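These notes concern the structure reproduced below.
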């Protein structure tokens, strides 16, 4: 077995054993781009070797998506397969694990009318709501694992031939997910201990807010009442640990939906609905992004923020050190799974119930500051030029990050 095949097998094994922490006899519902079919077959093999009872996969095809967006009447863009997502949510509530294979061409829908892309995305977000709720409430174990899609590889390495670009991207994936180490499972156990130590410190401090300061950024993010920090291996509602993101470098919590003030500028591009949003900035008042703009992709961004009332509020704030393995590559990945783990970030939209004590829902969730929305979109605001302080209720400042690096 050559080194590449060995690492690919390690990644698939890691996704099942560490990412999902698969339970004996558990079903898996997987989603993936059609280009990842060979990798998905390997994942299915590892799943069955580790006790899965059924592996069901749903593929997405960007070429079909482009045809639809280009050809169907405008009114048809309001259609999305709600029946499919209701079925997925039902499977998760009944105990199936969720496995998402990420990795898409970030420019797959480039050149299409932004208003049509945005309209279809709104419909998709509405239909997807039951599935998103099941995921954010951690009703089951879930994970996201990357695949080196050729279109993604060309976006990251535009100057290389496609085959070489794909090889380079796989190398970056193996490094970021620690599968290039002799014992990836042990490496992840050690990594989780580091993340859990940060989580314990932040939860003990009970900060009232966080303050981000850097070029174009002066942002205060109030934290929800009874907020909890999470990071690394996370328990489901039933208490089973899983690692939701492979890779992950973040610790994150829930902002208070009404206590975000100031201005903030993105430090990395955002891949959104098959288009790139660059130079993103926002100004918040009373928790709402009252002004937003971007140098590129502004229309599709604003369409997303019009999805519902909660789309202009924050559902997540995450701290990520600027000297972690992903950031050290010096690459912009044009992929949220990677870029969010290279920089501190915030997210428009839905908050995670796991980030509030007792995992409340409904009115109690809202009363404590949890945000509700049909969308959840992370965007990166941290860098080596950004400092972060924790603010106690009495106004005391506690330095957390200086020049993007932990000081705790």
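Please read every residue number as a count from 1 along the shown chain.
Cβ atoms here come from the backbone N, Cα and C positions, even for glycine.
Record note: Swiss-Prot gives 316, 340, 345 as divalent metal cation 1-binding, and the candidate from 204, 225, 250, 258 in that site is 250.
Listed in chain order, the extra residues whose Cβ falls within 8 Å of the Cβ center of the divalent metal cation 1 site residues 250, 316, 340, 345 are 252, 317, 318, 320, 341, 344, 346, 347, 378, 380. In sequence order, 250, 318, 320, 378, 380 are the residues near residue 340 (divalent metal cation 1 binding site), counting only same-chain partners six or more apart with C-beta under 8 A. Residues 316, 340, 376, 378 make up the record's divalent metal cation 2 site, and a Cβ search at 8 Å around their centroid adds 252, 315, 318, 336, 345, 346, 347, 377, 379 from the same chain. DSSP assigns residue 340 (divalent metal cation 1 binding site) to coil in the three-state reduction, outside any helix or strand.
Secondary structure from DSSP puts residue 378 (divalent metal cation 2 binding site) in a beta strand.
Taking the Cβ of residue 345 (divalent metal cation 1 binding site) as centre and 10 Å as the limit, one finds 25 other Cβ atoms among all the protein chains shown.
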